[in-house]
Amino acid sequence: MRRDLSLIVTRRQDVLTVVAFFILVITLFPLALGPDPQKLRTLAPAGVWVAAALASLISLDRLFADDWRDGSLEQLLLAPEPLTVVALAKVAAHWLALGLPLVVLSPALGYALGLEGAELGVLAVSLLLGTPVLSLLGAVGAALTLGVRAGGALMALLILPLYVPVLVLGAGAVTEAMYSSAFYAHLSLLGALLAAALPLLPLAIAGALRIALD
Amino acid sequence: MWDGIGDFLAMGGYAGYVWGSYGVTAAVLLLEGVLLGRRRRRAHALLQRRTRRAAAGSQSKGGNER
Amino acid sequence: MDTGPVGRATTAPSPPHAGKAAPRGELEIAGLSCRRGDQTLFSGVSLSLASGELLFVRGRNGSGKTTLLRILCGLTEPATGEVRWRGQPIRRLEEAARRELLYVGHRDAVKEELTPLENLDIHQGLRGERGDLERQLDALEEAGLGGREDIPVRYLSQGQRRRTALARLLVSPARLWILDEPLTALDRSAVAWLFERIAAYLREGGIVVTTSHQSIDGLPEPRILDLD
Amino acid sequence: MSSRSVPWLKFTAPANFYALAQRLTPWLWAGAALLCLAALYIGFFVAPAEAHQGESYRILYIHVATAWMGMFLYLLMALYGGIYLVWRIKMADIMARSIAPTGALMTFLSLWTGALWGAPTWGTFWVWDARLTSTLVLLFLFLGYIALHGAADDREKGGRAASLLAVIGAINVPIIYFSVDWWYNLHQGSSVIRADGPSMAPSMLTAMLLMIAGIWLYSAAVVLRRAQVEALEREPRSEWAQAAAAGRMTRTQRELAAAESVREHTSQEEGQA
């Protein structure tokens, strides 16, 4: 099953596209803001996090669409495995392929925006805890908008508001790390969100998939 | 408590804010009511038309269709 | 309440054990009806299928054949009625029971960028079956894909794509096949092969539910459900 | 779960609901108008100016009422959505869908009036504080619900998907509130927004409560009316709808239609059981 899912999900080109998108969005910030390092530094946590949220959104847009079109999703539903497990596995595979590269890259990009030392570590950890939640939420949106006209735009409307807490806590952790060391609270809250999302959101994804295929 | 209409309308210098709030609220609620009323009349008209057509059809064709 | 085209279900020939004391078939369908929008596609579909029986669902385009098949395998929820597989509601089957059902849909779940062999492997992995390379190769060979096991499906023809999907029938043990338009895009020899396969499967005690717009001469005498 | 065991369950039948709403809405309209007028009178002609904010505080009557209503309507919509997801009662979806536009409107009004109150009071139309941010998110959730409901090719599907979204949103809004609240207070310290006015004159309180009740009745009336139309539009072939549109639904027709939809529902339940 794991093999199958990684086969379904992993397309090298997709990974490249999403990573390139992530980097490009981050590049836009200094270009729009001007090269003043101090200003850039202040904006760095927000920049990286917003870019990560957008990258997650665009990469998740097609999460179930191909499987839906060619009928694989029906087979997933009929598989002996409970649908929640299948959904979780699919999101996990997606995150490993497309979310993890962003986490790995983030210190380099943070550095380019003027973050340093421990801040880079906090940035990476916050993304490590936060992006799985984004993936799970986005997967709910992707499942809800399956087979819907203008699904991509609609998905953004549905899901971006739900991204707010993760964004607040994630970017907040890095900002905290810049001024004091009180970022543990942010990180542990992010962890709590992840812990709540992991068992609950797959249920929502499975429910949404059932509705889409009914 | 107000010194005439002018004083009331001036709202102690906050006229724009206060009347802006109440005006928009009233306008929006009114608009909602009007739109809903129009939708309701449309639905009724459609249904009545359908009923009439069905009645006419049943007279001419022996009442197989509703 | 609805005056949409109401399909009437007729089952013929009726099972020999009609009456109250009928023994339970393995697949039981009771009072199914289905609605799309405010149109009733069909209603009052009841029948029961026992081991070795073939059900052929017939009907115009849009009469609800695909929907009925999807209801039978538990993908779609009917407006009324229920489907039971060995006494269990089809939408709440346990793991083992779900493995007994094999569905090849209209959309055939074949991945274009993968080879037939990989497709088969994925299919088995998804059903929790151990992928057996020999068996997979045998199946592809029998389905007429010998020598093409390793070419991504997007380079194959429609018919070969369909054969890839049908090769699943050979690798997975199952008690019930639900095949939606399996003959689409198949050439004559492939149709003959599939009919032979279905006949053999029925002799082994399998149950098959299928639809087609093409002639089904050559299949064992089916029970027919007419949705028109 | 038969309609006999729980009396009000009979209103899950659109025909019964329609008749009930028909009887209720005139009273709700009248009550709403009466209470709102009373609230305006007391609010503008009895209650004095506020010590710090002067006359601008009078915005709060409508602001508080709409803000409460927006939140309440969202919860109600999510509740109906949940009921629809679990029991597939069509009327629940009709209600949820009918609540959404009014809820979005109330949320918008609370943001609008809040901005107009905030400008003279805090010197800015907008702050990124928890209440404002989560209210904004609430507005987007309403809009998302409406968009998703209409986007699917099949109304039932759209309804179920949108209901699921409403339920997820209902869990999320408190999380959003607390995360933003925490974040904001960390940066700004205790905010000015807390100062709602320590003690209210009794007349102010009366006006506010009257306004809340008035807006509540207004929302109830609009939602019921919209649900009526929605029910008619969804069952245009049914006899009760045609009679209702002609303004002459008889008791027998209503009972027949109700019996029909109860039967439909129970057979569906048996199918699931």
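Using the three backbone atoms N, Cα and C, a Cβ is placed for every residue, glycine included.
TrEMBL labels come from automatic prediction, so no person has curated them.
According to TrEMBL, the domain 'Cytochrome c assembly protein' annotation covers D:14-186. The annotation transmembrane segment is assigned in TrEMBL to D:27-47, D:59-87, D:99-120, D:132-152, D:164-184, D:204-224.
Summarising model confidence by region, the domain 'Cytochrome c assembly protein' (D:14-186) averages a pLDDT of 90.
Taking every recorded stretch in D:132-152, D:164-184, D:204-224 and counting its Cβ pairs under 8 Å to the transmembrane segment (D:99-120), the highest total belongs to D:132-152. Against the transmembrane segment (D:204-224), stretch D:27-47 shows more Cβ pairs under 8 Å than any other of D:27-47, D:132-152, D:164-184.
Contact check: the transmembrane segment (D:132-152) against the transmembrane segment (D:27-47) gives fewer than three Cβ pairs closer than 8 Å, residues 6 or more apart, which falls short of the contact criterion. Here the transmembrane segment (D:164-184) has Cβ contacts under 8 Å with residues 74-75, 77-78, 81-82, 85, 96, 128-131, 133-134, 137-138, 141, 144-145, 148, 191 of the same chain, all six or more residues outside its ends. Below 8 angstroms of C-beta separation, residues 58, 61, 201, 203-204, 206-208, 210-211, 213-215, 217-218, 220-221, 224 of the same chain, each at least six residues beyond the ends of the transmembrane segment (D:27-47), sit close to that stretch.
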